[in-house]
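**Q** This is the structure, below, for whatever I ask next.
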């Protein structure tokens, strides 16, 4: 009989204890985000400053993240959410929650998982930051020539459309009022001046070659007139020297 009474008392105490534990747990489960609850004091209390609790019923509140150094606040901490950080100007975030800051890539580079990487041949990036390398422009697709080769920082510069002089090719002329009219006029003028200069040089070269050939083939044409002129000049000098003697001789005869 005594043992039975003892067993009943133990069972009653266990039931009472379980009810109390369940009541404590149920009290903490009812706490809202931004609060914490301790088992020995099952009361929902607000998180203190610089702490937060995104889930209610936690025994402690979490410490808010501090954004300093290369970080700045993107979103300030509240009682229910942690602070969000971002990198300062000139840096970019690394990691899913911006755990590290890395300096922005320079023009001619792109950001990869390993950091900043120089653009490969045939690509460029003219942006200062997190831009990606883009392929050079293919000028030949538009029927244009490459005026300036591209670099890792700048794209290819395409020239005016290539003009074909094939009889079967139809040359399209852009009106003067169009965007390419001025460029086409300049190109036409340049080609005309170049052609005229080449023709003039060819003509002068041929002229000198012909004169040189004639002078070598017929040297008397250039030398004979000079000889005749020299001989005539000598005869005139001789005559001018003899004439006074004849006059003197005649004068002497009259005196006798």
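Yeah, the Cβs are placed from backbone N, Cα and C, and that goes for glycine too.
Reproduced below are the annotations present in Swiss-Prot:
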- 28-37: disulfide bond (DISULFID)
- 31-44: disulfide bond (DISULFID)
- 47-61: disulfide bond (DISULFID)
- 64-77: disulfide bond (DISULFID)
- 67-85: disulfide bond (DISULFID)
- 87-93: disulfide bond (DISULFID)
- 98-105: disulfide bond (DISULFID)
- 101-116: disulfide bond (DISULFID)
- 119-133: disulfide bond (DISULFID)
- 139-158: disulfide bond (DISULFID)
- 128: N-linked glycosylation site (CARBOHYD)
- 138: N-linked glycosylation site (CARBOHYD)
- 24-45: repeat 'TNFR-Cys 1' (REPEAT)
- 46-85: repeat 'TNFR-Cys 2' (REPEAT)
- 86-117: repeat 'TNFR-Cys 3' (REPEAT)
- 118-159: repeat 'TNFR-Cys 4' (REPEAT)
- 1-23: signal peptide (SIGNAL)
- 24-187: topological domain 'Extracellular' (TOPO_DOM)
- 209-256: topological domain 'Cytoplasmic' (TOPO_DOM)
- 188-208: transmembrane segment (TRANSMEM)
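Help me understand the surroundings of these features in the structure.
**A** Residues near residue 28 (disulfide bond) in space but far in sequence (CB under 8 A, at least 6 apart, same chain), listed by position: 37, 39, 42, 44, 57. Under DSSP, residue 28 (disulfide bond) is assigned to a helix (H, G or I) in the three-state scheme.
The Cβ of residue 61 (disulfide bond) has 19 other Cβ atoms within 10 Å, all protein chains considered.
DSSP gives residue 64 (disulfide bond) a coil state; it is part of no helix or strand.
Listed in sequence order, 73, 74, 83, 85, 86 are the same-chain residues at least 6 apart in sequence whose CB falls under 8 Å from the CB of residue 67 (disulfide bond).
Long-range Cβ proximity for residue 93 (disulfide bond), meaning a same-chain Cβ under 8 A and a gap of 6 or more residues, is found for 86, 87, 99, 100, 101. Secondary structure from DSSP puts residue 93 (disulfide bond) in a beta strand.
Sequence-distant contacts of residue 105 (disulfide bond), defined by Cβ-Cβ distance under 8 angstroms and a gap of at least six in the same chain, are 111, 116, 125, 128, 129, 130, 131. The secondary structure of residue 105 (disulfide bond), as reduced to three states from DSSP, is extended strand.
For residue 101 (disulfide bond), the number of other Cβ atoms no farther than 10 Å from its own Cβ, over all displayed protein chains, is 20.
Annotation note: residue 133 (disulfide bond) sits in a coil segment as assigned by DSSP. Summarising the environment of residue 133 (disulfide bond), the number of other Cβ atoms within 10 Å of its Cβ, over all protein chains shown, is 17.
Residue 158 (disulfide bond) has a Cβ environment of 18 other Cβ atoms inside 10 Å.
Within 10 Å of the Cβ of residue 128 (N-linked glycosylation site) there are 14 other Cβ atoms, across all protein chains. The secondary structure of residue 128 (N-linked glycosylation site), as reduced to three states from DSSP, is coil rather than helix or strand.
Within the same chain, no residue at least 6 positions away in sequence has its Cβ under 8 Å from that of residue 138 (N-linked glycosylation site). Look at residue 138 (N-linked glycosylation site): DSSP puts it in coil.
Summarising model confidence by region, the repeat 'TNFR-Cys 1' (24-45) averages a pLDDT of 83.
For the repeat 'TNFR-Cys 2' (46-85), the list of distant contacts is 28-39, 91, 98, 101: same-chain residues at least six beyond its ends, Cβ to Cβ under 8 Å.
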**Q** Under a three-state reading of DSSP, tell me whether residue 47 (disulfide bond) is helix, strand or coil.
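**A** Looking at the DSSP assignment, residue 47 (disulfide bond) belongs to neither helix nor strand, so coil.
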**Q** Which one, from the disulfide-bonded residues 87, 98, 119, has the smallest tally of other C-beta atoms lying within 10 Å of its C-beta?
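**A** 98, out of the disulfide-bonded residues 87, 98, 119, has the fewest neighbouring Cβ atoms within 10 Å.
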**Q** Take the C-alpha atoms of residue 47 (disulfide bond) and residue 139 (disulfide bond) and report the distance between them in angstrom, rounded.
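**A** Spelling it out, the Cα of residue 47 (disulfide bond) and the Cα of residue 139 (disulfide bond) are 64 Å apart.
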**Q** Go through 31, 37, 85, 139, the listed disulfide-bonded residues, and name the one with the sparsest Cβ surroundings, counting other Cβ atoms within 10 Å.
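**A** Taking 31, 37, 85, 139 as the disulfide-bonded residues, the minimal 10 Å Cβ count falls on 139.
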**Q** So of all those disulfide-bonded residues, 61, 64, 77, 98, 133, which one's Cα sits nearest to residue 158 (disulfide bond)?
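**A** Closest by Cα: 133.
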**Q** Based on Cα distances to residue 77 (disulfide bond), point out the closest of the disulfide-bonded residues 31, 98, 119, 133.
**A** 98
